[in-house]
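Student: Provided herewith is a single structure, encoded as structure tokens, for subsequent inquiry.
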Amino acid sequence: MIDCAIIGGGPAGLSAGLYATRGGVKNAVLFEKGMPGGQITGSSEIENYPGVKEVVSGLDFMQPWQEQCFRFGLKHEMTAVQRVSKKDSHFVILAEDGKTFEAKSVIIATGGSPKRTGIKGESEYWGKGVSTCATCDGFFYKNKEVAVLGGGDTAVEEAIYLANICKKVYLIHRRDGFRCAPITLEHAKNNDKIEFLTPYVVEEIKGDASGVSSLSIKNTATNEKRELVVPGFFIFVGYDVNNAVLKQEDNSMLCKCDEYGSIVVDFSMKTNVQGLFAAGDIRIFAPKQVVCAASDGATAALSVISYLEHH
């Protein structure tokens, strides 16, 4: 039987694996179908992780994490997990190929995925001017003009954040009304650096080998078209947590989740199910930063070690 099964191979999962193996967990297994690393491997530039002296790609940044974990004995099961369920005092992990595994404890570190828009050019320039993280990438556009797409709290809050860094921020929304908190909207409207473009849609993201250069936008009320010359385009149209592994045969969830599907945990990353932990972007109130996900993974692993000692 597996002592600790870690579902997901991003920064949270790998950190959990490192701390678990170095902490004496003899049989820790990482379940990740492809090479571990997580969605951060798709980033073209990492600059805000402590100790990283030069800008590196997400792929290069995560490679040593994998090597370090495997060096300390973390095992890698290259399969996707379909479902995690509990049977008596242990967990049953069902893989997509029908194979099952049993584990004494489980850390869910499956993360989440920003919703895509399908705008022409989005995939081509993803990570090359198209971003879903102002905290991660805003600094690259210091004193430059950028555009933000979205009408919820996150979009408006990130527009305000970017206004502290950038020369100008265009906030694009397909409707005249916003779904964010009124006080947040008021702060954005009172910021001279933020220009509201409503009701507008983005028809195309344009650029060249160096990245994004402009956006083609259209007013849905008048059909007026404009070209915004911006090197950075931030998309905030929603976020999907990858919690499908929690869904049971009767459609219930293995553990408590909030209204967005994020796993409810305490400060030690414990869920309401004994022996089940969660870390990284899958949990409630996740900051969605690599350094925070790594911290979560370490915390979850330490909690697992304590759990295994007493059970």
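One is the number of the first residue shown, and numbering goes on along the chain from there.
Here the Cβ of each residue, glycine as well, is placed from N, Cα and C on the backbone.
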Student: So CYS133 is in a disulfide according to Swiss-Prot. Which of these is its partner: CYS136, CYS166?
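Tutor: Disulfide partner per Swiss-Prot record: CYS136.
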Student: Within a 10 Å radius of its Cβ, which of these binding-site residues (GLY37, PRO287) has the fewest neighbouring Cβ atoms?
Tutor: PRO287
Student: Report, in whole Å, the straight Cα-to-Cα distance of PRO287 (FAD binding site) from CYS133 (disulfide bond).
Tutor: 10
Student: Using DSSP reduced to three states, classify PHE31 (FAD binding site) as helix, strand or coil.
Tutor: strand
Student: Looking at the recorded positions CYS133, CYS136, VAL290, which sits with the largest number of other Cβ atoms within 10 Å of its Cβ?
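Tutor: Of CYS133, CYS136, VAL290, the one with the most crowded Cβ is VAL290.
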Student: Across all chains shown, how many C-beta atoms besides its own are within 10 angstroms of the C-beta of ASP281 (FAD binding site)?
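Tutor: ASP281 (FAD binding site) is surrounded by 28 other Cβ atoms within 10 Å.
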Student: Given GLY34 (FAD binding site) and CYS136 (disulfide bond), what distance in Å do their CA atoms have, once rounded to a whole number?
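Tutor: Distance between the two Cα atoms comes out at 25 Å.
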Student: If you count, for each of the binding-site residues PHE31, ILE284, the other Cβ atoms lying within 10 Å of its Cβ, which residue has the minimum?
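Tutor: Comparing Cβ neighbours within 10 Å for the binding-site residues PHE31, ILE284, ILE284 has the fewest.
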